[in-house]
């Protein structure tokens, strides 16, 4: 769902930049109020894992693919404000280093995936918590629903932006984006459900405090690092089919509006200078994960120090 430059008009892109910067500023302040020792490594490791996970596109239907967004997972584990910062780090590195999503429309991609995705996931999770009275089924069911809704509503936001930009009429963009991302959302929901179920079943102590928290922090690094490395190694197996937005652009006839990026550092998640395509993709995934980890940890440590 990464929008390339050329799909949105300049006025729409500017408005979304302003909105995103404003929400990120609020997120910085809100996160600093309750950022604990456990949340710092979780923010970093989760950002790296989401980055690596987003490289693994899965086939959906009709020659289309989708990939993990991660907003619901981050929101459930860290809350919506920290999730916004985590996803902003991921989307920012993707645009700046890997040319995945345009720089002019980076504000729009942050708005759709980090902000809309996190807030929608939070609303759905809270709804399920209330309906279940805090029981386990609410957490499990809410994780799937939050994953699905975060993708679906973010896709509708993207469709409205395309319509406001004059790129594609709303009566075409909205049903097309909504339809394909309703299917992609099932994958997002299942991934979120599986991850949360695993945390609840295998390492519930990750949410505890005190001495157990210190041990939990070690497990965050160990388990999170292994998951991230595994995802990066598996990244060459990703589906080569176009993602939901690219597929809609092809079908609706506005794909040619996409502009090539002015810079190409590690384009298309292929590390330059490495002749073996599989090795180049794996190396790009590892480098990207390390970069996202570093940026997210810097953000978390900065906010934690500001709050003390």
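Keep in mind that glycine also has a Cβ here, set from the backbone N, Cα and C atoms.
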TrEMBL annotation of transmembrane segment - which of the ranges 7-28, 249-270 it falls on: 7-28
Integer average pLDDT (0 to 100) for the domain 'PDGLE' (220-302): 90
Composition by DSSP (helix, strand, coil) of residues within the domain 'PDGLE' (220-302): 59 helix, 1 strand, 23 coil
Which of 7-28, 137-160, 180-202 contacts the transmembrane segment (40-60) most, counting Cβ pairs under 8 Å: 180-202
For the transmembrane segment (7-28), sequence-distant contacts whose Cβ falls under 8 Å of one of its Cβ atoms, 6 or more beyond its ends: 81-82, 84-85, 88, 102, 104-108, 110-111, 114-115, 161-162, 164-167, 249, 254, 257-258, 303
Tertiary contacts of the transmembrane segment (278-300), as residues 6+ beyond its ends and Cβ separation under 8 Å: 31, 35, 39-41, 43-52, 55, 85-86, 89-90, 92-94, 97-98, 228-229, 231-233, 235-236, 266, 269-272
Positions on the same chain near the transmembrane segment (180-202), where near means CB under 8 A and six or more residues out: 1, 53, 58, 60-61, 64, 66, 68-69, 72-73, 76-77, 136, 139-140, 143-152, 154-156, 244, 247-248
